[in-house]
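One structure below.
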């Protein structure tokens with residue numbers, strides 16, 4: 001049975017489209033974002049959770065502006081991006097957080113890779129299907145990283161309008177573009193000491209030693225401006241407790 005929290009973040013209306021897609025459906029499609037760029041639908045915001053004007057941010061040339069119609073103002077929901085290096089334990093921590101806080105919503109990502117790839121609970125689609133959903137306005141924002149396209153369903157706006165706290169597994173390089181669309185998005189970084197990350201990555205056996213070294217170098221970068229940091233270096237239970245504490249802490253000065 002599908003977890004109702006997944007349905008809340010990915011629900012479709014009677015026409016089969018996500019929240020807000022009906023009024024945005026009349027627009028022309030915009031292309032999938034170039035590597036490390038973000039694109040989103042147009043919206044107005046009455047609070048921190050909802051989006052501001054659409055913004056297409058990329059390295060190099062910017063994407064065409066979205067021509068989607070504005071959506072309704074949002075209520076007092078919170079949108080929280082969860083980022084961190086591979087091996088930090090993001091999926092494990094998020095699963096524990098949802099078990100402890102069933103009132104939270106975790107947006108299920110749409111990714112251009114097979115669902116059988118494992119890891120997080122995501123929806124795997126082809127590149128053609130991703131383009132179709134993009135043309136229909138089904139993503140609040142999307143980005144490209146590591147040769148894949150990632151989309152967050154625009155139905156997160158339903159939860160934000162209802163005042164819920166919405167989490168999503170994000171990309172550090174995409175944060176500037178996401179902030180241009182949702183100006184008050186909060187950021188929590190899950191990390192661990194380099195030695196712990198190295199052990200976890202080696203235990204997974206998915207990557208070559210030089211790839212692990214590259215990931216560890218990126219993990220040494222300072223946290224994004226305004227982010228709260230959660231160190232997951234012991235047990236999952238303690239990591240979950242630290243994450244929940246970070247949710248209640250004020251954001252650091254950006």
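Even glycines carry a Cβ here, placed using N, Cα and C.
Per TrEMBL, ATP binding site is recorded for 84, 85, 86, 87, 88, 89, 90, 91. Per TrEMBL, the feature compositional bias 'Low complexity' maps to 20-45. Look at TrEMBL and you will find 76-251 tagged as domain 'Guanylate kinase/L-type calcium channel beta subunit'. Taken from TrEMBL, the feature region 'Disordered' covers 1-70.
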Suppose we draw a 10 Å sphere around the Cβ of residue 84 (ATP binding site). How many other Cβ atoms does it contain, all chains included?
24
Note: among binding-site residues 85, 86, 88, 90, 91, least Cβ-dense neighbourhood at 10 Å is 91
Students should find that the Cβ of residue 89 (ATP binding site) has, within 10 Å, a number of other Cβ atoms equal to 23
Near the Cβ of residue 87 (ATP binding site), how many other Cβ atoms are there if near means within 10 Å?
24
